[in-house]
Each structure stands twice: as C-alpha cells, then as structure tokens.
Amino acid sequence: MLYINIGMAQQHSQSVQVTSKASLELFMHSLSMEPPHISISTMIPTTSWFTPKRLLGIFCMINMLNYLDRGAIASNGVNGSRGTCTKAGICTSGTGIQGDFNLNNFEDGILSSAFMVGLLVASPIFASLAKSVNPFRLIGVGLSVWTVATLCCGLSFNFSSISVCRMLVGVGEASFISLAAPFIDDNAPVSQKTVWLSIFYMCIPTGYALGYVYGGLVGSHFGWRYAFWIESILMLPFAIFGFFMKPLQLKGFVPANSEKTLAPETVVSGVQDESLALAEFRDQSSNDHFRSKSETKIFDQFSRFKTDMTVLLLNKIYVVNVLGYIAYTFVLGAYSYWGPKAGYNIYQMTDADLVFGGITIVCGIVGTLAGGFVLDFMTNTLSNAFKLLSIATFIGGAFCFGAFLLNSMYGFLVLFSIGELLVFATQGPVNYVCLHCVEPSLRPLSMAMSTVAIHIFGDVPSSPLVGILQDNINNWRMTTLILTAILFPAAGIWFIGIFMHSVDRFNEDNEHQVSAIERSSSTPLLQEKTGETSASLAQSQEC
C-alpha cells in the first residue's frame, strides 16, 4: 500500500512538472507571437440542417443580391433619364435617378462605379483582418453595412448623398467577395472544387441580368427608391445570419481566439490546466507590456499586409492570371453597360434590354457551369485551368467578333450567344487559379486584390473609355469590334500561364502556422457524423 502511494505521488509530481513546462512554453510562445506547436483539434459544430451545400446556397443568394443591385441601378427603371425639351418648347419630365436629381451623363456614370471607391479601400482591410478576426463575423459586418447603405440609397436627396451611399455599398460588398470563395473552396469535394466555384460565380451574370428586369419592373411601377428598399429587406436576414451563426474558421488560419480554444471544446488531456497556468502568467505580466503590444498592433497589421502583398506580386502565376482577368473584365464590363444600346443602334432591337438580359442569363448559367465541369473532368490543375481559359476565351472572342460583323440580327444573336457561352466558361477556372496558386492564409487577400484589380483596371474604366471611343468614331459596329478584339490579348496572356511552372498550394501551411490548430482548420467546416469527428480527434491525440 505504501508502495502504491509513493508511486502515485511520483506520477503526480511528474505530471505537475510536465504541466508547468508546457505552460511555460505556451507563455513563451505567446510573447513571441507564434502559435504553440501542440496537438489540439477544434470541435467543428454539427447540425442536422446546416451543411456545406447549404452554405454554398446561402453564399450564392448573397452574391446574386450583390449583382442584382448593380444591374438594377443600370436599368432604365431605376437609372432613368433627364428631362428633354424640343425646339418647339415642348418639354418632358425626367425619370429615375437621373431625372429626379437632374444628372448629366458624367454624373450618372459616376454612380455606376462609385461602389469601387468603397471596395478599393475596404477589400484589403477585410482580407487582413481575417487573420485576427473570425471571417464569418467579418461577412456579417460587411452585409450589415451593405443593408444600411442600400436603404439609404432609397432615402438619398441629391447626387452627393447617393454617391456616398453607393461607396458604402462597395464597403459592404468587400468583406463578402474576399472571404466567400475561400469558404466554398474549403468545403467543396476535391473532385468538384471548380464546379462549386462555378455555381457561385454563375450568380454574377445571372444577378446582373435579373437586376435589369427587376429594376425595370419595380422602377416603372413603384419608383426607383423602392428598388433599393426591397434589396435592403432581402439582404437583412443574411446579415443577421452572419452574426448569429456559430463562427466557422478558414483553412490556413489559426482561430482568432486561439488561447480560448484551449478550453472545454478541445479534447486534449491537460489542456485546461495549461490554460489556467497561462492565464496566471499573463496576470503577472506588466501593464507596460500590454500597452506596448496595443501600440504596435496597428503597425503589425500594416507590416503583415505589406509582406503579404509582396508575396502576391512576386507570384508570377497569380500576376499572369490577374492580367488576363483584367483584359477579360474590361470587355464584359463594357458589354454589360453598352451592349443593349449598341444592339439597338446596330440592329434596331426594340427590346434590346430584354434580349441582352436573356442571353446573359442563359449563357451565364450554362457557360459558367460548363466551365467548372470541364475543368474538373480534365482534372483541376493550374495548368489545365490556363488551357481552358485561353482556349475558351479565344474561340468565344472569335464568335463575338464575327457576330458584330453580320448584318442579320438573327445571325448576330446566334453567334453572340455561342461566344458568350464560351466566354463565361472562364469564371470558375480563373477564380480556381486565384485560390490555389497561393498559400491558404493568403487566399482572402488574393481574392480581394484580384477583385480590386479587375474593377479598377477593367470594367470601371471600360465603360467611359468605350463611350469616348464612340463619341469620336460615331459608329457602334466599329466600336464593338474594337472592344471585342481585346479578348484575344486576354487569351494570349492566359496562354502564357500554360508553360509557367505552377504549384497547387492549397495544402501548404504557412511557415508560422504549422501547428495542429491550423491543420484542424482545414477540416471541412461541418461534419455530418459526430463519429467521424471523434475519430479525427483520436488520431490527432495519438500523433
């Protein structure tokens, strides 16, 4: 009996020493701001309703609303026109935003791209904050800003007020566009990643086209302000969802409250004791250290952003992909804004809005999904993605170019539909490259800067530049042919990517985030069977 008691005392003494040693290591790691390399697996929430497929569906609806708003403000029912007066003195009142605020074409054009200011400023901020704040909460914040901004658009009283509101819409959108795609990529089956991304990006042309129809119907029947108010109501549940849904973690990121993960939710023996010991050490630390840490926090954020941006700009695959994407978006942005007017002038289409809207919806859905399926069938690699991007864009551009050469309206519709079908097939592959050519921890910033680049150099300047070109040559057929020809350089840039050395970095860990905490974040966000979760926890403990 005495022997047993002595043995138990020795074991207790050894466990205390181990705990103290582990606590000291944790404290030292916290001071050096590096995550401790211990085996911890964060429990993933399991519910009977919320699954990865439903997460994809929710993100698709949010994306659809984002682009429905862009299509609505460009529609005749919402955008409207200025009042006109004939030489005989007969005047007609203006309609929509342009008529109510008496905007000239330059001011009206600013409204279509004002969101870009907010997007430019907020996208890098949200992408950087994803490393210290839970990304799902950031999406909730962004959608809340979007909801309030669209509500205020309907309450605006002059050009300045609605311009500010449109900028805030861009701020709200910034959180979603940089974080949604990485979440989808985390949870998509390996053999269907491009298909899932294609489903998500299919909402861009579909939302834009629905926005034309929605804005026209609501604007003509109830007034342009109601279009924004209805959008705000539709987005509100998703904003609330972002705040009240149990936080989910992105692959490649240590959870923001990594110290708090050393709690009852973690299934590792001795972790609770280590958490208490760590808390005691921190209580004993000086207030000077706390103040110093607070003062350098902002500097650390800027330093981290600068480092991450340097890595992105030195990534040749990423740069080539984005350059091709910019040229591609330049053409599609001008198509979406000037297409109906060009079709009306060249082919005398009486319902040009409906025709172009219908083509965009059908070709956007079918083409985007087809591109994802084809790449997954080819095996979704970066090299295959560049092959699909270059071939689809080149052939699609040739069909669109040939369409504008025809004098027959019906021949134009056939060729242009085939061309758009092929051009839209690039949506899934181009974003797949953005996500997989960088480390997991850089994916939000990769998506954010890609979106900023294609807007600031692509669709934002393309509409006014095409307008200037048309004012000078006064020939819509020639203008559209020159615009369409830009698809060929886009195909050529992506063609270069085929021969570049590319490495899929989806499963790479950041050099400072190789702990088991980080690896657990790469597990699908939601497990359908708790038994699978328990098994993975047991394996991590054995390691």
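Including glycine, each Cβ sits where the backbone N, Cα and C put it.
Note that TrEMBL annotation is computational and uncurated.
For 532-543, the entry in TrEMBL reads compositional bias 'Polar residues'.
According to TrEMBL, the feature region 'Disordered' maps to 517-543.
Per TrEMBL, transmembrane segment is recorded for 110-129 (among others). Remote same-chain residues near the transmembrane segment (110-129) are listed as 70, 73-74, 79, 97, 103, 138, 142, 162-163, 166-175, 177-179, 301, 304-305, 308-309, 337, 444-445, 447-449, 451-452, 455-456, 460, 463 (criterion: CB distance under 8 Å, separation of at least six residues from the stretch ends).
Per TrEMBL, the feature transmembrane segment maps to 136-157 (among others). Non-local neighbours of the transmembrane segment (136-157) in the same chain are 62, 66, 69, 122, 126, 129-130, 165-166, 168-169, 171-176, 179-180, 183, 225-229, 231-232, 235-236, 238-243, 245, 247-248; each lies 6+ residues outside the stretch with a CB under 8 Å from one of its CB atoms.
Proximity of distant same-chain residues to the transmembrane segment (163-183), defined by a Cβ-Cβ separation under 8 Å and at least 6 residues beyond the stretch ends, is recorded for 55, 59, 62-63, 66, 69, 73, 110-111, 114-123, 125-127, 130, 135-136, 138-139, 141-150, 152-153, 156, 197, 200, 248, 250-251, 431, 434-435, 440, 443-445, 447-448, 451, 525. The transmembrane segment feature in TrEMBL is assigned to 163-183 (among others).
The transmembrane segment annotation in TrEMBL covers 195-214 (among others). When Cβ-Cβ distances below 8 Å are used as the criterion, the transmembrane segment (195-214) is approached by residues 56, 59-60, 63-75, 180-181, 184-185, 187-189, 227, 336, 353-354, 356-358, 360-361, 363-365, 368-369, 371-373, 376, 424, 427-428, 431-432, 435 of the same chain, each at least six residues removed from its ends.
Using a Cβ-Cβ cut-off under 8 Å and counting only residues 6 or more beyond its ends in the same chain, the transmembrane segment (226-245) has close neighbours at 50, 58, 61-62, 65, 68-69, 72, 77-78, 136-137, 139-141, 143-144, 146-148, 150-151, 153-154, 214-215, 218-219. The annotation transmembrane segment is assigned in TrEMBL to 226-245 (among others).
Taken from TrEMBL, the feature transmembrane segment applies to 313-335 (among others). Distant neighbours of the transmembrane segment (313-335): 382, 386, 389, 393, 423, 426, 430, 433-434, 437-438, 446, 449-450, 453-455, 457-463, 465-466, 483-484, 486-487, 489-491, 493-494, 496-497, 500, 502; these residues of the same chain sit at least 6 beyond its ends, with a Cβ under 8 Å from one of its Cβ atoms.
Residues 191-199, 201-202, 204-206, 208-210, 212-213, 336, 339-340, 343, 349, 384-385, 387-388, 392, 413, 416-417, 420-429, 432 of the same chain lie 6 or more positions beyond the ends of the transmembrane segment (355-378) yet place their CB under 8 Å from a CB of it. The transmembrane segment annotation in TrEMBL covers 355-378 (among others).
Summarising the annotation, TrEMBL assigns transmembrane segment to 385-406 (among others). If one looks beyond the transmembrane segment (385-406) by at least 6 residues along the same chain, the residues whose Cβ comes under 8 Å of a Cβ in the stretch are 194, 321, 324, 328, 346, 371, 374-375, 378, 412-416, 418-423, 425-426, 429-430, 432-433, 477, 480-481, 484-485, 487-488, 490-492, 494-495, 497-498, 502.
Annotation source TrEMBL lists transmembrane segment at 481-500 (among others).
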